[in-house]
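Colleague: Here's a structure for you.
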Amino acid sequence: MRLDRIRLSGFKSFVDATPVVLGSGITAIVGPNGCGKSNIIDAVRWVMGERSARHLRGGSMADVIFSGSGSRRPVGQASIELVFDNADGSLGGQYAGFAEISIRRQVNRDGQSAYFLNGSRCRRRDITEVFLGTGLGSRSYSIIEQGTISRLIEARPETLRAYLEEAAGISLYKERRQETERRMRDTRGNLDRLEDMRGEVARRLERLNDQARTAERYRALKAEERQRQVELTLLRIRRLEADSATLASELAAEETALEARLAGQRRSERDTESLRAEQTASSDHLNAVQARYYELGSALAALEQQLRHDRDTRARSERELEQIREAIRENDTALADDRREAQTLAQTIATETRGLAEADGVLSAADADVTAATRRLEAAREARDAVVGAQADAERQNELEQTRIEQIEARQREQNQRLERIDAERQALETTAMDTTDDDGERIDALESERTDRVECLAMIDQSLAKTRGERDPIQAELDAQRAALTRDQARLTSLQTLQDEALGSDQAIARWLSDRGIDARRRLVDQLDVTPGWERAVEWVLERALQALESTDAEVAGGRQALPTSGEVMLFAPPSAMSSRDSAPSPRSLAAQVAGPEAAIDLLRGVYGAADAEQAREWLADLPPGASVITPEGHWYGRGWLRLRATPDDPQAGVVARARAIEVVTDRIESTQAAIDDAATRLGVVDTRLDDLDARHQAMLDRRHALDRELAAAHARRESAQTRRAADRAQHERLSAERAELVEAMTAGASALDGARGRQRQARAEADTAAQRRRPVDDDCQSARTALDAAREAATTARERRQAVALRLERARTAHQSREQAIARLEQQDERLRVRVDELQTTIDALADPDQTREAERQSLLAQRAESETALANARRTLDDREEALRRLDRERLEAEQAVRERREACESLRHRRVEIEARLTTRREELESMPVTIDAVARDLSSDARESDHVAELERLSGAIEALGPINLAAIDEQAELAERKDYLDAQHTDLNAALETLENAIQRIDRETRERFQATFDEVSAGLQRLFPTLFGGGEAYLELTGADLLETGVTLMARPPGKRITNIHLLSGGEKALAAVALVFAIFELNPAPFCMLDEVDAPLDEANVGRFCDLLRTLSDRVQFIVITHNRITMEAASHLAGVTMAEPGVSRLVTVDVAAAVEMTNADT
C-alpha cells in the first residue's frame, strides 16, 4: 500500500483545490522558505485525526482554514483527502478488497470536523482503526517534522524510553497496569469499609428481629380494625342512601310540573322558528332580485367596454404594421453587407494557410540544428566530468584522510579525558560507599511505635462508640413508642371531634343565621357541663337539643330582640356568673345535683329527679310535685301517667356528654405525651452529639493510621532504594574498571592508525595536483559547444515565434468568418418572422374594419331589463319588512313563557339543594370508604342485613384496647429486618467477590509486568541492533548503541551512546548539530524498521548536514525506498537529485500556495528522445 495523492482545498495557504500526486520511491517537495511546504505535512497529520491545534502550528482548529490574503477573501471550509493505492491488498480486514482507499476530513469556521471513508461519513475512531498496526497515525513515527530530530537526540532517558514503548506497543500495557493498581487500592479500601459495615449490620439485625414480630401482631390487629371500620362506614352509607331516595321522589314530582311548562315554551319556540323561516325566505328572495339587478348593470358596462376596446385594437395594429415594414427594409440591407464580408474573410483564410506551411518548414530546420549542438555539448561535458571526477576523488580522499587524522587525534584526547573521568568516578564511588549510613531504620522504628499507639486508641474509641450506641437504642425505642401513642391519641381525638360535630350540627340556614350575628364560634352548653360519672346518658336524654345552646350575653338572652331564623330553632344561654355545684342543688334527689355548670342547665334539670334504678323511680312517682318526673342512669324516664324509654348504646362514649368528657381526657393525654416526646428527643440529641464526636475522633485516628502506613511504606521504599543504589554503585565501579582497561588498549591502537592516515593523505594531494593540470583544455571545449548551442536555440526561437504569429492570424480569420455566417443565418430567420407578423396584422385590421351593429342593439335590451328589475326589488323589500314585525311580536310571547319555566325550575333547584346536602355527606362517607385499602364489594356481600352500627362501634373499641396493650410499635421493623437481612447477604457476597477480585488483579499485575518486560527487552535489542547497523552507514564508520540506565526493565531509562569515527565523545550533547541529526536519523530508522509504515514524511531533516553526510543520508533513503514510500521536504540539491519525483511549491501570489510536479524519470526519457 502507498499514498497515491493528496487533495488540498482551503487548508492554510492552499486556498484553491490542489492535487499532490505522489509516485513510489522518493518524492522531494521543494520551494523557498515560507511558501507552504510544511503545510502539506500538517495536512496529512490533520486528516489522520490530529485534534491539537498546537501540533498544527495554530491557536485553534479554525486556524487551518485559509484566512484570506491581500487579494483573496477568507473561505469558510477546509478539506483534505488522502487516496491510498491498496492494489496489493496489504491493508487487510474488510478493506482488503478495495484497490483504492480514500479518507477525507473537512472543517468549517465553527470548528466542527467531519470525517469520510471512501465517500461515506464516519467517526474519527473509524479512521484510526483502519490504520491500526500499519504504523500510520497523527503522532506516529512515520511523520518527522522540523524540531523532532533535536528533541529526540536530546531527550531524557525516560522520554527516550517512551519512544521505544510506543514502538513496542507497551504504552497500552502501562495504562492497563496503572488502571489495575488504582482498582487494587480501591478494592482494599472497599474491603475495609465492608468489614465495618458487616459488623454494624449484624448488630442492627439482631435488635430488629424482636421488633419485627411485635409489628406483625400489630398489623394483624390493625387489619381487623380496618375491616370493622369499613363495615361501620358502609352501614352509615346505607342510611344516607335511604334519605337521598326520599328526596329524589319529591324532586321527580316537581320536575314533572316543570316539563309541562317546558312543553308550552317549546310550542311558542316552534311558531317563532316557522315565522323566522318565512322571514329568511323573503330575505333570500330580496337578495336574488337585488343580485339580478346588479348583474344587468355589470353586463351593460362590459358591453360598452368591448366597443371601446375594438376601436383601440385596430389603431394599434396599424401602427405596428408600419414599424415591421421598416424593420424588414433595414434587415435586407444588413444581410447584403454580411455576405460581402464573408467572401473577403474566405480569401484571407486561404492566404494565411499557405504562410503557415512555410513557417513549419523553417521551424523544423532550426530544431535539427539545436539537436546537433546539444549532442556536441554533452560529449564535451562527459570529457570534462571524467577529469573533474578524478580531481574530486583525489580531493575527497585527501579530506577523508584529514578527517580520519582529526578524528584519531580527537579520539586520543577524548580517551585521555575519559581516563581521567573514570579515575575520578571510581574515587567518588569508593568515597560514597564509605559514607552511606542507614538513617531510615530509626525512622521506621519510630513510625511503627506510633502506629501501635494509634491502633490502641482506635480500639478504645470503638468501645466508647459501642457503649454510646447501647445508650441510644433505649432512648430511640422510648421516643418511637411515645410517637406511636401520640399518633393513636390524635387519631382518636379526630374521630371523637368528628362524631361530636355531626351530633351537634345544625342545618345550613341556622348556621348562616349564627354566622351573620357573629355567635357561631361561641362555646356550647355541653362544653361547660361537669356530670357525675354514670349519669351522662340521663342528662343528655333530658337536655337533648339544649346541649347545642350557645353562650350569649345577658342582654341578648333577656331582651329577645334577635331576628327570628327562617327555619329550625336556636337556643342561647347566659354566661355562668356563678357555676353551680352538687352542694348547692335544690334537692339531693334532683338530677341537677349530678351536674355542675351554667344556671340554664341547672334550671332545665330541676324538675327531673334522678333515681338509682327503675324500682326507686316508681317509688318516687307518688311523691313527685306537679310537673316533675324521674329518670334512671340507663335513661328510663318516668312521669305521672307516661314513660319514655331509649335504647342503650353499646359504646359507653356514644352520647354527646360522655363524648365531651372523652375529648377532654384525650386532649390532656396528648399534651403529656408531647412533653414526653420533647424530653426524649432532647436526650437523644445529646447522645447523637456524643456519637458524632466519637465518630470524628475515630475517623481522625483512622486517617492518621493510614498516613502512618503510607510513611512506613515510603521509608521501607527509601531503604530498599538505598540498597539498590549501593548495588548499582558497585556494578558501576566494576564497569568503569573494565572500561579503563579498554581505553588503554584503544589508545595504543590509535597511535598506529594515525601514522597510516598521514601517509595516505600525502599520496592523495599529489593525485589532485595532476588532475588540476588536465582540466583547463576540456573546460574550453565545453564553453565553445555551449556558445554554438545558444545560437541554434535563438534561431529556433525566432522561427517558432514567426509560426505562432501566422497561426494566430489564421485562427482570427476563421473565427470572424464563422461569426459572419452565423449572423447571415440569424438575419434570414428574423426576416421570415417579420413577414409572417405582417400577414397576421393585416388580417386583424381587416376584421375590425366595420363596426358591430349587433352590440348596440344588445345594449338597448339590457337597459330595459334593468328597469324591470328595479320594480321587483322594491316589492321584495316591503314583504320582508312585514314578516320581521310579526317575528318581533312572537319573541315577546316566548319571553313570557320562559319566565314561567324559570319559576318552576327554581322550585326544583330548592329540592335539589337539599338533596345535594345529603349527597355531600354521602360522598364524604364514600370517599372515606374508598380510601380504605379493602375490596368494598366483598365487604358489602359479607355484611349481614341485620348488622347494627352500635355493635361495630363496640368491636372497634375492643380492637383499639388490644392494640394499645402491645405497647410501642416500630412498624418499619418488618421491612427494615427483611431489607437488612438481604443487605447482610449482599455484603457477604460482596466480601467474597472483592477478595476474589483482589486476587485476580494481583495476577493481572504480574502478567502485565511479565509481558511488558519481554516486549521491552525484545524491542530494545532490535532497535539497538538496527542502530549499530545504520549508524556506521550514515557516518562512514564509528559506533552507536542503546544503553539501559537501570536493572528494572519496568522503570529503567534509555540513553543513546554514539561515537562518530575518530572521536571519543562521552556525552551525546557534545556532538555537533550535523552529528546529532545523523544520529537521530539512524535511531528513527532503526525504530522504523520494527514496523515500517507504508510511507514516511521527513521535513528538512537534512538541513544541518554537509554534502558528504547528505550523500550517505540519501543512499540510506534509496536503500529503504524499495519498501517504503518517502516524501521529503528539502532545500538540499543532493537530496533533490536522489528523488524520483519533484514537487515544487510556489507563492507567486502573496499568501497563496501552488504546486508544480515533475516526474524525473519521464523528464530524462524526454531529453534522451530529443537527442
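Every residue gets a Cβ built from N, Cα and C, even glycine.
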Colleague: Given the ranges 632-652, 716-736, 842-862, 884-904, which one is assigned the annotation region 'Disordered' in TrEMBL?
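Modeller: My reading of TrEMBL: the region 'Disordered' range is 716-736.
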Colleague: Quick one: among the binding-site residues Pro32, Gly34, Gly36, which has the most Cβ atoms sitting within 10 Å of its own Cβ?
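Modeller: Neighbour-count leader: Gly36.
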Colleague: Just counting, how many other CB atoms are there within 10 A of the CB of Asn33 (ATP binding site)?
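Modeller: I count 7 other Cβ atoms within 10 Å of it.
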Colleague: Hey, which of 170-211, 300-334, 363-432 has the most Cβ-Cβ pairs under 8 Å against the coiled coil (810-907)?
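Modeller: Between the stretches 170-211, 300-334, 363-432, 300-334 has the largest tally.
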Colleague: What other residues of the same chain, not counting Pro32, Asn33, Gly34, Cys35, Gly36, Lys37, Ser38, Asn39, have a CB atom within 8 A of the CB centroid of the ATP site?
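Modeller: Residues close to the ATP site, other than Pro32, Asn33, Gly34, Cys35, Gly36, Lys37, Ser38, Asn39: Ser13, Gly31, Val1145, Met1147, Ser1153.
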Colleague: Summarise the compositional bias 'Basic and acidic residues' (266-276) by DSSP state, stating how many residues are helix, strand and coil.
Modeller: 11 helix, 0 strand, 0 coil
Colleague: So how many other Cβ atoms are close to Ser38 (ATP binding site), meaning within 10 Å of its Cβ?
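Modeller: Neighbour count, Cβ to Cβ under the 10 Å cut-off: 18.
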Colleague: List the residues of the same chain that sit at least 6 positions away from Lys37 (ATP binding site) in sequence and have their Cβ under 8 Å from its Cβ, in sequence order, or write 'none'.
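Modeller: Listed in sequence order, they are Ile29, Val30, Gly31, Asp1099, Ile1129, Val1145.
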Colleague: Considering every residue in the coiled coil (363-432), what is the mean pLDDT value?
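Modeller: Value for the coiled coil (363-432), mean pLDDT as a whole number: 79.
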Colleague: Using DSSP, how many residues in the region 'Disordered' (752-783) fall into helix, strand and coil?
Modeller: 32 helix, 0 strand, 0 coil
Colleague: With an 8 Å cut-off on Cβ-Cβ distance and a minimum sequence separation of at least 6, pull the same-chain contacts of Asn39 (ATP binding site), or say none.
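Modeller: Once residues fewer than 6 apart are set aside, Asn39 (ATP binding site) is near Leu8, Phe11, Lys12, Ser13, Phe14, Ser1153.
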Colleague: Counting every protein chain present, what is the number of Cβ atoms, excluding its own, within 10 Å of the Cβ of Cys35 (ATP binding site)?
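Modeller: For Cys35 (ATP binding site), the 10 Å Cβ neighbour count is 18.
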